[in-house]
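Annotated in TrEMBL:
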BINDING   107, 108, 109, 110, 111, 112, 113, 138, 161, 187, 188  S-adenosyl-L-methionine binding site
């Protein structure tokens, strides 16, 4: 009598998942970035549901992950940046603000905003009021713009990003600014913060989130607990040769469709600003 045995070619899905995730996390490209494991897990679950070929799924995960971490490639030396911050502290507020400017210029999003940073926040706060609490979602270097916001030190400022070294530096900066150290490594698409704030900043990321998971902004916006959700998007592509305004408005209209929220739009230079009044 023959006994059926499991095929030696039957793969354990969970083992494949663990192997792929472990391999990506340990790869030279991603190891130094210390990407949260749950980010790669979500991408694997998303991509492996589309194909039975796990090698194809792994390839797609790597492509999606590259889209997510591309802004971190070419980041500054965070250990050196911290030393420079401490040195700037010895020379007064002007030196610290110059250090902040250097950090903002090191990232494409805040670099584009830098020439009109004062005007940006002045006009924004004219629309939404001066928030006493902020959650800065996928924050990048934006917390270093705090000196241009002209907000009091009593402001409660939460900041979320995927990159450990960046978050550590932001918390160091918050401490020097006498703000609470509320920056945290967190994949906000998977684990959206469960706090309520006066304002939530989501600057130049909504289109990238849509590239990661099409249609995700609709549910994501609904999970964010805030009176005002401020979303910005580029009005032009990086070369400035192609306008993106109609595409970005379609993204935003679809994301808030049926919500009943009021949305005000304005533009500063080539940055579209959408102020969504959710509560309050």
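Numbers run from 1 along the shown chain.
Using N, Cα and C of the backbone, Cβ positions are placed for all residues, glycine too.
What TrEMBL says about a protein is an automatic prediction, not a curated fact.
Structural mapping of features recorded in TrEMBL.
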residue: 107; record: S-adenosyl-L-methionine binding site; DSSP class: coil
residue: 113; record: S-adenosyl-L-methionine binding site; DSSP class: helix
residue: 161; record: S-adenosyl-L-methionine binding site; DSSP class: strand
residue: 188; record: S-adenosyl-L-methionine binding site; DSSP class: coil
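Take 107, 108, 109, 110, 111, 112, 113, 138, 161, 187, 188, the residues named in the record as contacts for S-adenosyl-L-methionine: the widest Cα to Cα gap among them comes to 25 Å. Note: residue 188 (S-adenosyl-L-methionine binding site) has non-local neighbours 137, 138, 160, 220, i.e. same-chain residues 6+ apart with C-beta under 8 A of its own C-beta.
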